[in-house]
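Asker: Among the features that Swiss-Prot reports, 3-dehydroquinate binding site is placed at 35, 36, 37, 65, 183, 202, 206. Positions annotated as active site, proton donor/acceptor by Swiss-Prot, on the basis of sequence analysis: 120. The active site, schiff-base intermediate with substrate feature in Swiss-Prot is assigned to 146.
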């Protein structure tokens, strides 16, 4: 048996040459996908972004994270979306936040790229019915739903497992050390993607890729 869950490593670097260097390191460590955090670049312009994507030549999630959800992009919303639209033909996935205008999400989805519609809350975990509402809305707008919440107790992390067990094509994460196990459990529910750390931790509770691969392989061996 094998897991169909891909391991993605976010690349959060300010300089073009560092993005490429870290990407090569993460590929060598066994990443299945790289999340290119475009918003981390010092001066993101499409010529540099295109060069990076072509140089890496590996499955990529293009993310240009909005500041209200932990991102660093400093331009206008129109500039942020324009970069994602230009990236769409060059990458495997585009991540766009649910709070973005629906017309922008539709424009990206209409390019044909696999569209991840995401929602992050770094302060709390809502009630299960609210999470379900968010996921269902994301699924209507895109191809893959993504939610990530900060747990305040163990019960909050169990809500994430419930979402994973009931919702297809969904990435669901409970952040912090308390919720880190949900990143491993994602493979149990055939979540399309889980996130691990390469050189740097870019979100609370990320597990380094070596440990993640070891845990996933251990789990799969027990199931054989």
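Think of each number as a place in line: the chain as shown, counted from 1.
For all residues, glycine too, the Cβ spot is worked out from N, Cα and C.
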Asker: Between the recorded positions 37, 120, 146, 183, where is the Cβ count within 10 Å the lowest?
Answerer: 120
Asker: Cα of residue 36 (3-dehydroquinate binding site) to Cα of residue 120 (active site, proton donor/acceptor): how many Å, rounded?
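Answerer: Cα-Cα, rounded: 17 Å.
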Asker: Under 8 Å between C-beta atoms and at least six apart in sequence, can you list the same-chain neighbours of residue 35 (3-dehydroquinate binding site), or say none if there are none?
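Answerer: Those within reach of residue 35 (3-dehydroquinate binding site), by Cβ under 8 Å and sequence separation of 6 or more, are 8, 9, 10, 11, 60, 61, 63, 95, 195.
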Asker: Does anything in the same chain, at least 6 positions from residue 206 (3-dehydroquinate binding site), have a Cβ under 8 Å from its Cβ, and if so what?
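Answerer: The list for residue 206 (3-dehydroquinate binding site) reads 180, 183, 195, 196, 197, given in order along the sequence.
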Asker: Out of the recorded positions 37, 65, 146, give me the one sitting nearest to the residue listed as 'active site, proton donor/acceptor' by CA distance.
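Answerer: Ranked by Cα distance from the residue listed as 'active site, proton donor/acceptor', first place goes to 146.
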